[in-house]
């Protein structure tokens, strides 16, 4: 403990004073004797010999610690234990003063750093761009026409909107990103619906396949069905033709007349006489004559 206190005192700076006697005023008496000259004491005024004492204190920063040390030395008689206690008190005072100075220096350093950071933040903080309705409408129209701008278009649009070219460029970048994100969401929803439809169709096909397999591997019907009478064979198909009828041939009716009546054979197989005429010629529809 005494070594640590001495180390603190050596860091803070110490002053060593020499005095005679048990109190702190020995130094003053010695100085007065030095100014008055060296006088040999008379035998009648002999007093007990004075013991020299050392006082360790701070130079100017810890006057209170030095005063406390001097008071303790004057009252204690300057023994070894008392010297150790005096050093401890002085070391504590020096450590307190040093701690206070360090805290003040740290506080000033932190405050200056914070002030510099605030200044940097104020100078480099990006403020959000606030556009009017007219500016937003004009930017949207230009974006519908062209999603990207070349440097000349960018500068011209920035002058028209009273903005910086960098602000216009950033707005177009953000707008393209939002458009791409919306399109991605739409595509995702469409693909999700397609996936659900395909999944349902796959399930339906699986059910149909299972039903077909069940019908294919189904057991045969019971044997009692073999004794049942077999159904009658289907009746043969017959086509009924119409009956043969005699019809008048329009061609023969045109060519036939009184001049050729003698040559026409009657339907009953007899020839017609001179005074007998045949008015109509009947024929079978299934036999075609050359005249027809």
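Quick reminder: no glycine exception, Cβ is built from N, Cα and C everywhere.
What Swiss-Prot lists as DNA-binding region is 124-183, and the listing cites sequence analysis.
Swiss-Prot lists 28-74 with the feature compositional bias 'Low complexity'.
Feature annotation from Swiss-Prot assigns compositional bias 'Basic and acidic residues' to 99-109.
Per Swiss-Prot, the feature region 'Disordered' maps to 14-85 (among others).
What Swiss-Prot records for 99-133 (among others) is region 'Disordered'.
Feature annotation from Swiss-Prot assigns region 'Leucine-zipper' to 182-226. For the region 'Leucine-zipper' (182-226), the model gives a mean pLDDT of 88.
Marked as region 'Disordered' by Swiss-Prot: 217-236 (among others).
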Determine which residues of the chain contact the region 'Leucine-zipper' (182-226) at the Cβ level, with the cut-off under 8 Å and only residues 6 or more beyond its ends counted. none
Work out, from DSSP, the number of helix, strand and coil residues along the region 'Leucine-zipper' (182-226). 39 helix, 0 strand, 6 coil
